[in-house]
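See structure below.
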């Protein structure tokens, strides 16, 4: 039996000719990632190894993004601690405020992840880089520490689910709608410890930003990783961004999949995930009359330039409904600058939105838009658990930038076609 794309990448990095689902392996790492929340714990564990150096100064990335710019004294102390560690270890890829971005937007932009890589990150949405044809997955701070010390990590080789995407997406359908549809279909544990492998002729219509969004939310279905084959769009992106050579892996024709799903993108409708799990989805036609208090457009899921363009296209020349808060957060400084050059920032601010420096901020209930008791938010983020963005009695509705922007105009969950 042949191997899936994920299995081929893992086999190569383990120095093996072949692997099979369930097999335990030790693989060489191309990149180890941490942020301001997870890295302090990893540093504490790293110090127990008794080594005075990391395995590679260039293959570790530390991105303070969750509580930055520092939201309080504790946040400042955490970043100071990991900044000093990075300086002492001469880690090349420590990204300070002013040069940083949300980690999963920043690393592809900097070319630090390329096709064929094996990447671990002490953040669950590290699976984002599967959009580039890499195997990337979230791990805990202890594994991050071991990775920084040894350049290796152990894995159980995952089995796979295959998603065959067919036809051109219907109007307003983005990567966010597709992945919410999939999660709603299979459930938050539907891909538990499996690779989610996306294929099909529908890929030609999906931008890299769409793919980043979809791979990002593989974890919300329980997936070990999400991954896309390398095609012309991937190659074009890598040529523009990659800092080193990449390698293309393709699934064998006789690769084994636990299940194959066919999805006709032309039949999808904008999709919203209701509280309090990402799989509690409804199409925009079945959302009912849900009044909201806040809209957030941004995050590692939807903070890229195409997302901001979509929000601008809907909000330009209009006004956010009185009493509604609309917060827009670009994924990186480069995206921020591009939004300035294109007039997006001006258009959004004139519409009544607040525009922020890059940060994870409200996504995890950190800062920059916390919800009070009883408040509702339409957000382009990736999780809507109880208390995720603030008070335990607040509610988060996950949606695309188009639905979020339309909802900001009306003060309720709204089909973008209607504004």
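Heads up, the Cβ atoms here are built off N, Cα and C, so glycines get one too.
Fair warning: this is a prediction, and the values are worked out from it, not measured in the lab.
The annotation in Swiss-Prot ties 360, 363 to [4Fe-4S] cluster, and of the candidates under consideration, 153, 300, 326, the one tied to the same site is 300. Counting only residues at least six positions away in the same chain, the Cβ atoms of 102, 103, 104, 105, 125, 128, 216, 331, 360, 363, 382 sit under 8 Å from the Cβ of residue 300 ([4Fe-4S] cluster binding site). Ranked by Cβ neighbours within 10 A across all protein chains shown, the binding-site residues 360, 363 are led by 360.
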